[in-house]
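Enquirer: Okay, so TrEMBL annotates it like this:
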TRANSMEM  39-59  transmembrane segment
TRANSMEM  66-89  transmembrane segment
TRANSMEM  126-146  transmembrane segment
TRANSMEM  166-187  transmembrane segment
TRANSMEM  199-220  transmembrane segment
TRANSMEM  232-253  transmembrane segment
TRANSMEM  259-279  transmembrane segment
TRANSMEM  291-311  transmembrane segment
Amino acid sequence: MFMIVVSSLVPLFLMVLAGWFARRRNILAAGAASALNDFVYYFSFPALIFVSLATTPIAEIFQGRFIAGFTLAMIASYVIMFVISSMLFKAHHTESCLRSTSASYPNCGYLGFPIMLSLFHGSKQAYVASTLAVLVPTLIIMLVVAEFEYDRSHGSASLKAMAGRVFMSMVRTPVILSAFAGVGFSLTGWTIPEFLASAMRNFGMASIPCALFAVGMLVARMEMELKVRHVLSVNIVKIIIQPILAAAFLILFEVSGKMLLMGILLAGMPTAATACILSQVYRTCETETSATVFISMLLYAPIFAATVFVADGFGLAVG
């Protein structure tokens with residue numbers, strides 16, 4: 001079991017380390033990370049999402065119980081951190097919003113996909129669970145956009161105006177568009193020719209090394225201000241409390257077997273770099289969010305291994 005976890009994680013962290021080394025030694029220019037991220041964001045990762053959904057029967061995609069359990073765990077984590085930040089740290093609601101995002105938005109795209117595919121040998125369930133875990137957190141983006149639009153309007157924005165801005169933000173998101181396209185294609189019952197599906201899958205899988213390499217470059221150039229109490233609070237909620245909540249809610253909705261284990265592991269992924277992007281866009285908690293992302297990646301490996309071992313004791317094994 002230990003070697004399964006290690007053999008899955010070590011190659012991925014080596015990709016991150018390679019990106020860190022390339023940036024620290026100035027082998028690649030600072031703009032290379034942005035170029036890689038743009039390639040992943042606009043082309044490679046949407047292709048992987050589309051082909052994963054388009055080649056999966058619609059009945060397997062609509063895992064209502066999985067979606068409900070995973071969503072409730074994520075929202076509960078968001079609310080818990082928002083209350084802690086607002087009441088304990090006495091923070092402004094926009095700061096609490098960003099901390100809550102860091103505490104609830106798992107890195108299911110850049111880390112979840114490769115780890116699940118590696119641990120579960122590229123099974124159909126791994127593709128579906130990972131894809132759903134990428135799409136569900138877009139709810140958090142909606143909350144952030146709505147929160148900041150409301151703040152920018154000094155509380156005067158109408159519900160209709162905020163809904164319009166949130167909708168337009170979602171429409172411009174390639175991952176969401178590709179997901180809807182994939183689901184739509186699956187609904188038709190048509191079949192993508194195998195040579196084309198294979199080509200798209202190979203193209204999409206390029207997103208994994210590129211994304212991890214870019215994460216390493218991003219970490220190398222982060223300017224971090226370590227606010228221990230804030231950063232640790234966010235990470236405790238993100239990588240300890242959220243997977244526990246996911247286990248509870250998924251079991252409540254009678255999710256079992258591999259899908260249950262995948263849901264727990266995906267919920268426990270470290271904070272997504274999306275949190276950094278949102279903090280930079282809205283110029284709120286920028287250095288703190290960078291520190292949170294970095295620390296969550298450092299803490300992730302041992303906690304992930306511990307989660308797998310505990311799950312194995314309950315009869316939930318990877319592979």
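Heads up, the Cβ atoms here are built off N, Cα and C, so glycines get one too.
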Enquirer: Under 8 angstroms for C-beta pairs, at least 3 of them, ignoring pairs fewer than 6 apart in sequence. Is the transmembrane segment (291-311) in contact with the transmembrane segment (232-253) by that rule?
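Expert: In this chain the transmembrane segment (291-311) contacts the transmembrane segment (232-253) - 3 or more Cβ pairs sit under 8 Å.
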Enquirer: So, taking each listed stretch (66-89, 126-146, 199-220) in turn and counting its Cβ pairs to the transmembrane segment (232-253) that are under 8 angstroms, which one gives the highest count?
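Expert: Going through each listed stretch, the top one turns out to be 66-89.
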Enquirer: I need to check the long-range neighbours of the transmembrane segment (126-146): which residues 6 or more away from its ends have a CB within less than 8 Å of a CB in the stretch?
Expert: 49, 52-53, 56, 60-61, 63, 66-67, 70-71, 74-75, 78, 97-98, 101, 104-106, 108-109, 112-113, 116-117, 119-120, 162, 165-166, 169-170, 173, 175-176, 179, 258-259, 262-263, 266-267, 272, 274, 278, 282
Enquirer: Out of 39-59, 66-89, 199-220, 259-279, which stretch has the largest tally of CB pairs under 8 angstroms to the transmembrane segment (166-187)?
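Expert: Highest pair count goes to 39-59.
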Enquirer: If I count Cβ-Cβ pairs under 8 A between the transmembrane segment (39-59) and each of 66-89, 199-220, 259-279, which range comes out on top?
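Expert: Comparing 66-89, 199-220, 259-279 against the transmembrane segment (39-59), the winner is 199-220.
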Enquirer: By Cβ distance under 8 Å, which residues at least 6 away from the ends of the transmembrane segment (259-279) in the same chain are close to it?
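Expert: Long-range Cβ neighbours of the transmembrane segment (259-279): 63, 66, 69-70, 73-74, 98, 101-103, 105-112, 115-116, 119-120, 125-126, 129-130, 133, 137, 141, 144, 215, 218, 234-235, 238-240, 242-243, 245-247, 250-251, 285-286, 288-290, 292-293, 296-297, 299-300, 303-304, 307-308, 311, 316-318.
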